[in-house]
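Engineer: Take this structure, written in structure tokens, and hold onto it; I'll ask about it next.
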Amino acid sequence: MSQRTLIGGLQAVQSALRYDPTRAIEAWVDRRRRDARLVKLREQLEGAGCPVQESDAKALARLLPDVSHQGVVLAYQGASPRGDADLAAHLDRLSHAPFLLILDQVQDPHNLGACLRTADAAGVDAVIAPRDRAVGLTPVVHRVAAGAAEAMPFYQVTNLARCLRGLKDRGIWLMGAADEAAEPLSRANFTGPLALALGAEGKGLRRLTREHCDTLVAIPMAGHVESLNVSVAAGVLLFEAVRQRSAFMAAPG
């Protein structure tokens with residue numbers, strides 16, 4: 001069953017409308033704001049057949065208390081929650097080597113939103129996370145992801161360890177990001193069927209997740225900080241994978 005999602009912010013609402021305007025249910029705009037971007041967005045909403053109600057900043061803040069709404073909130077028909085069976089069906093439909101991102105108990109919605117946006121830019125086939133002790137597709141995630149929360153297939157699985165075993169049974173290479181006992185990023189092979197696993201803020205990958213990985217890689221750190229934010233680390237790893245996979249596909253023979 002699909003779920004009704006509230007999305008706030010000019011770019012997030014515009015991206016959702018661009019992705020599928022038929023999912024727009026209703027919108028509220030701040031009657032006091034007359035800036036060009038909001039006026040244009042209102043015209044786009046009305047052009048898509050979405051009812052637009054005038055409101056005020058306080059009422060919009062009550063709708064989305066944790067999001068900077070920028071004068072607009074959209075009620076959007078989100079996708080149905082997707083789990084283990086949906087992931088299996090999605091992988092069955094792929095006609096190329098899978099390229100996946102696994103987030104192990106990431107709880108910060110800003111990090112999840114940024115990871116979804118980066119994954120979409122890198123051409124990732126799906127993002128996988130555990131259902132428990134991990135953030136889902138909240139309004140903050142939609143706001144930060146700027147449209148990627150709608151476009152990127154996102155699956156929350158019941159048991160991550162079991163999911164990882166299932167991926168390995170499909171011949172997908174599991175590569176985890178970790179500092180300890182890890183090979184340098186420069187020596188890692190990102191070609192072929194691949195799932196990149198990153199851990200939660202501060203804690204990294206859980207022990208059981210690390211044990212299921214075929215290899216662990218480390219991002220070289222040249223300064224004083226010991227680690228990167230998970231969304232930044234995801235960007236480094238995903239685009240190294242993009243570089244290698246593009247070169248591999250372009251190689252003769």
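Easy rule for this one: first residue shown is 1, then count along the chain.
Cβ atoms here come from the backbone N, Cα and C positions, even for glycine.
According to TrEMBL, the S-adenosyl-L-methionine binding site annotation covers Gly199, Ile219, Leu228. Sequence annotations record features per position, and here TrEMBL assigns domain 'RNA 2-O ribose methyltransferase substrate binding' to 6-82.
Set these features in their place in the structure for me.
Structural biologist: For the recorded site, Leu228 (S-adenosyl-L-methionine binding site), the DSSP three-state label reads coil.
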Engineer: Tally the residues of the domain 'RNA 2-O ribose methyltransferase substrate binding' (6-82) by DSSP class, grouping H, G and I as helix, E and B as strand, and everything else as coil.
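Structural biologist: Each residue of the domain 'RNA 2-O ribose methyltransferase substrate binding' (6-82) counted once, the result is 32 helix, 21 strand, 24 coil.
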Engineer: How many neighbouring Cβ atoms, not counting its own, are there within 10 Å of the Cβ of Gly199 (S-adenosyl-L-methionine binding site)?
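Structural biologist: The answer is 22 other Cβ atoms.
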Engineer: Counting across all protein chains shown, how many other Cβ atoms sit within 10 Å of the Cβ of Leu228 (S-adenosyl-L-methionine binding site)?
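Structural biologist: Taking all protein chains shown, Leu228 (S-adenosyl-L-methionine binding site) has 16 Cβ neighbours within 10 Å.
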